[in-house]
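> Let me begin by handing over the structure; questions about it come next.
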Amino acid sequence: MSDTVKNTGLFALVAVLIIWTGYAESWNLALQILNMGLISAIMALGVNLQWGFAGLFNVGVMGFVAVGGLAAVLFSMPPVPEAFWAGGPRALGSLVVGAGVIVAAVMVMKKMAAGRKRNLLVVAVLVGGFFLFRALFDPAVDAIEAVNSASTGYMGGLGLPVILAWPLGGVLAAGVAWVIGKTALGLRSDYLAIATLGIAEIIIAVMKNEDWLARGVKNVTGIPRPFITPREIDLQKDPGFVETVTNLGLDPVTASSLYVKLSYTLLFSVVLIILFILAQRALKSPWGRMMRAIRDNEVAAMAMGKNVTKRHLQIFVLGSAICGLAGAMMTTLDGQLTPGTYQPLRFTFLIWVMVIVGGSGSNLGAILGGFLIYFFWIRVEQWGPDLMYFITSGMADDSPLKMHLIDSAAHMRLLTMGLILLLVLRFSPRGLIPEK
Amino acid sequence: MDFLNALVALSNYVLIPAIAYGSQLALGALGVTLIYGILRFSNFAHGDTMAFGTMVTILFTWWFQSMGINLGPLPTALLALPFGILGTMILVLVTDRMVYRFYRKQKAAPVIFVMVSLGVMFILNGLVRFIIGPGDQRFADGERFIMTAREFKHMTGLKEGLALKTTQGITVVTAVLVVIALFWFLNRTRTGKSMRAFSDNEDLALLSGINPERVVVYTWMIVAALITIAGVLYGLDKSFKPFTYFQLLLPIFASAIVGGLGNPVGAIAGGFVIAFSEMTITYAWKKVLVYLMPENLEPSGLVQLLSTDYKFAVSFVILIIVLLFRPTGLFKGKSV
């Protein structure tokens, strides 16, 4: 069986699974799985770039996804002028001061000769700078949050079209990745893992607490939609639309929701296809070959005159940017930013399962893994309780064990994902579509 | 100025909680460091193994409570602890046999081990939530305080009270005993010596006839005991929640790395460094400063450097600073 046949077969299998869901359950659910599958595939492409191409172990995917989501708010939400003029310039100014303090400390570190005098001066700059920063920053934040805190309480965004916010989300994530990469990439491989794990938690903590930025746990809702996506309610009011779908034998409410989901599918597919073509070209280019050479033997690549740290930084930033882009797309699809829902198991480790199962180093594999694992992630949640009902069908209905088992069956999906990861790593470490 | 009251307030809100938290972190970090020294990978399933051990202990505690067995003023969990340790030992040994041994035989790269430990983490996380649920569990019983704030005020006549929780006392005493036992084991027994030899130089240890599989089994058993104790102490002191235990992974890793990975003394020092920095940076200092400053200079705000939610950021920043300036940690650990 040739590779093409096998790969086509695998993707056909995913298509059958999704269509079967639509047929047996509901087309809304099927399209929802398809849309999130597209986003998952993009995230998996980003992680595959880092791990499959360059062997970088990034366990902070969640952080970059969240930064992308934040960008969707910051760039596309309408501005809140009163809040901005109440404290915006001051808050931004003090952020600049804060950055200046760090730059000053780094300058002192680099310019002065090593010794106690330098260390003391660096500490003095940092401590003094911290208090200066807080003295400027805190009143500004209070002023912003005081403006109509129930409905806004933040500065709002720039009011750009949301499609523009997607690449900007990538840029923002790339900036964060650059800072992390600059500090952590020179270190050992598993230190990068720990550093990224930590930074992801910190990004979520910042998003939950800095209400002036994006309302924190109060959530931002009503994120604008892309230009081709109308609101369901408008479609249902549109006589032309209602007539068309009624002629097709559909009820207008369901049809409007399907129409909206399909328009997202279209947009996401375009993004995925562009990224896939780019990633494929990168893999086959001299640059991609160099990356894989570095991955397989760093010492040899260094001896050939390749700047390993620089290349690592480059691909780390690129991969994180793709995750940020996917994060912005996901927040747009949800229509809201809810920092409380970012969980490392869902947004970091699940993406890793996708990459490993699909086949690390293969772009097609990452995409397949994205669809397949997301499908199982959603479906196992439902199959778990079903299976439990079946297993416990012999027990008395009020038995506490039966009730407990059925209640906890939803947690089966974590177990299943772990099991899938371990089985693939053990018996098919190269994944479903191996790297060539 | 009222130096005594300031000191009491400081002890009550910062020093005592930090010592208790530091002991818990130190025990957890010792586990990370031992696995790193002997099995040579960073175990991401550490937090969830800890949750598993605590869960088994909690289940036994509930069982004992339902039978009316208790330890009087001490929490029943102490009685259940040996069973929890046993359960965790069985779990890690089964995991090692079924998962890690295969990769050890293959001499797989450390990063593969890390990835495999992610899979184990997923499974344990699901298992714990499946058995005990994702919610908060409190299982401390017995006497709540060794000394309440009111008793202290009454005894000393000071304005500021000092409370000492039973769990804090138990944490420190247990941690000291466990650390003494561990160091005695590592330095004095034949098995302990072979473990250190294996950690220092694998090839040389193999040449001198040390059985690697035996060393690995002992390491896992010790790690299981350490983290179950750490987890139960943390759970008694605060509460048990699977997600919190997963998040503890970060400060525990930070402790082990700050101290120097592979170095047990470093792990203990690292635990306290992290605990004290988290506490001092996220504590609202107003209460202490009020006693120290002249009245007209009293601070108006809370004088909190960072909000409590940023405690992860603190351990992380310390981690980064140490990695940048002393990559092998405060005490010399492994740099490979």
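Using the three backbone atoms N, Cα and C, a Cβ is placed for every residue, glycine included.
In case it helps, TrEMBL gives these features for our protein:
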TRANSMEM  B:12-39  transmembrane segment
TRANSMEM  B:51-71  transmembrane segment
TRANSMEM  B:77-96  transmembrane segment
TRANSMEM  B:108-132  transmembrane segment
TRANSMEM  B:168-186  transmembrane segment
TRANSMEM  B:215-236  transmembrane segment
TRANSMEM  B:305-325  transmembrane segment
> What residues in the same chain, six or more past the boundaries of the transmembrane segment (B:108-132), come closer than 8 Å to it by Cβ-Cβ distance?
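The answer is 39-45, 47-49, 51-52, 55, 58-59, 91, 95, 99-100, 242, 246.
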> Let me spell it out: take the transmembrane segment (B:51-71), skip the flanking residues so only those 6+ beyond its ends count, and list any with a Cβ under 8 Å from a Cβ in it.
77-81, 83-85, 87-88, 91, 124-125, 127-128, 131-132, 137, 139, 141-142, 224, 227-228, 231-232, 234-235, 240, 242, 245-246
> Kindly say whether the transmembrane segment (B:215-236) and the transmembrane segment (B:305-325) touch, using the definition of 3 or more Cβ pairs under 8 Å where each pair is 6 or more positions apart.
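They are not in contact.
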> Hey, which of B:12-39, B:77-96, B:305-325 has the most Cβ-Cβ pairs under 8 Å against the transmembrane segment (B:168-186)?
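Result: B:12-39.
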> Could you pull out which residues elsewhere in the chain have a CB under 8 Å from any CB of the transmembrane segment (B:305-325), counting only those six or more residues past its ends?
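Residues 247, 250-251, 253-255, 257-258, 273-274, 277-278, 281-282.
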